[in-house]
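Taken straight from Swiss-Prot:
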ACT_SITE  300  active site, nucleophile
ACT_SITE  348  active site, proton acceptor
ACT_SITE  360  active site
COMPBIAS  235-257  compositional bias 'Pro residues'
DOMAIN    270-385  domain 'NlpC/P60'
REGION    235-268  region 'Disordered'
């Protein structure tokens, strides 16, 4: 065998050996990674992912319900407008018919009485007094005819306008009914979708170990509800937040406060928002419930709505609606009681309580908690009500 052939064979064998050991090394690394991966972490991550999807659907469902309520109100208003316009049309037609009868009578009298032109009276009058009488009668008849014709014309115009208004309101009522039907169908679809997602989330929750469930169910420390700093914005911005538009937890407690807990001022500057925060903090430990808005269980926007209700402020049960109501607030100017919304679709909400903390109802299996405000995901915006 020639030298170059032996060299070529040896090179092929060497390449094969290197490829084998390289493949073995990579496979061993992947296997080791799989062996070292914590199944518990995978289960929790999957639960969080599924719960997040269910929360998005829940808040979209709330928004769809608000949209349906608005469309139904528009439909009721359109139906009422249609009824009013039809009543006005009937009245206009009745008035027109009345004047039509009067005009017909005047026309008949004129026809039966002959010509009413002044020159005819002059030419046919047999005496000055008869001329005066005829001219007087002609003036009265002409005035009556002119008045009746003017009223007849006005009634006709009114009837035409009433008919046009009735036609428009009928079209508006049909459009409102169609829009309401479309929104109702969308709402029903989201309701069905949510029920499936809830079943999947609960199934994933069952897969957790008892220890994991216990850890999730721990509400953590309950802040005192004695007082809240009326203005305690975070001292720094979280990573990735634009300057002046995204806070992070403060590092030092306000004067008079416990370390790690917001300070609450009993009365005065906080106003209604103090009552909002106090109400929300009384629910720390309450369970998460899809669509919940009462102490038996809350979803994120349900907790916000309920807490504000306790202060006499009515808010919608929808994080997306909360993200667009009230007054916008820069994150550097946050005050306790401001509403925070999260993610690009504003599908999560919580209540800022000061010192970089917020109270919220986050997800299934996790009770209402106080957490750092930047721990729930990217902040969408902040609103003050």
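Just so you know, the numbers here start at 1 and follow the chain as drawn.
Cβ atoms here come from the backbone N, Cα and C positions, even for glycine.
Keep in mind that this is a model prediction, so the values were computed, not measured.
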Cβ packing number for residue 348 (active site, proton acceptor), 10 Å threshold: 28
Separation of alpha carbons, residue 300 (active site, nucleophile) and the residue listed as 'active site, proton acceptor' (Å): 6
Collapsed DSSP category at the residue listed as 'active site, nucleophile': helix
Rounded inter-Cα distance in Å - residue 300 (active site, nucleophile), residue 360 (active site): 6
The domain 'NlpC/P60' (270-385): DSSP-derived helix, strand, coil residue counts: 31 helix, 32 strand, 53 coil
For residue 360 (active site), the number of other Cβ atoms found within 10 Å of its own Cβ: 28
C-beta crowding around residue 300 (active site, nucleophile), within 10 angstroms: 28
